[in-house]
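Student: My questions all concern the structure below.
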Amino acid sequence: MLFYVVITLVAGTVSGLNVRCNNPHTANCENGAKLESYFREGETCVGSPACPGEGYATKEDCQKACFPGGGDHSTNVDSSCFGQPPTSCETGAEVTYYDSGSRTCKVLQHGCPSSENAFDSEIECQVACGVSME
């Protein structure tokens, strides 16, 4: 069971935690209504017919939400991501933390994991803070 949970978490980070970025390729919509919406595809956002509420109304909204450095990180974000970053110390090890300014996970050499915003790995940080893995 634990193996399944770990695989699910890692698989979720590959496409990003924001599932709204992914095109569900819905065949049938309620009332047959389809709208032009934008979804992440590779390094950009592209328009595609979708059911109301799927994807984003504009390419700009999609890019802000689906790429590191921009977007709505309110979905599935751990509160520790917004704590103070770890400080440096002589006996410290490599510590990963979330930088809210750049909306990325960064590594601090010789960091003291005394901060709430300290993660054991970049993947752990990305999963907790909703950062897409590139």
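One is the number of the first residue shown, and numbering goes on along the chain from there.
Quick reminder: no glycine exception, Cβ is built from N, Cα and C everywhere.
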Student: Quick test of reading the record: Swiss-Prot lists a disulfide for Cys105. Which of Cys89, Cys112, Cys125 is on the other end?
Tutor: Cys125
Student: If you have Swiss-Prot open, could you say which of Cys45, Cys81 makes the disulfide with Cys62?
Tutor: Cys45
Student: In Swiss-Prot, one of 18-30, 31-43, 70-82 is tagged region 'Linker'. Which stretch would that be?
Tutor: 70-82
Student: According to the record in Swiss-Prot, which candidate from Cys51, Cys112 pairs with Cys89 in a disulphide?
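Tutor: Answer per Swiss-Prot: Cys112.
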Student: Where DSSP helix means H, G or I and strand means E or B, what are the helix, strand and coil counts for the domain 'BPTI/Kunitz inhibitor 1' (17-69)?
Tutor: 14 helix, 15 strand, 24 coil
Student: Please spell out the DSSP helix, strand and coil residue counts for the domain 'BPTI/Kunitz inhibitor' (83-129).
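Tutor: In the domain 'BPTI/Kunitz inhibitor' (83-129), the DSSP-based counts are 8 helix, 23 strand, 16 coil.
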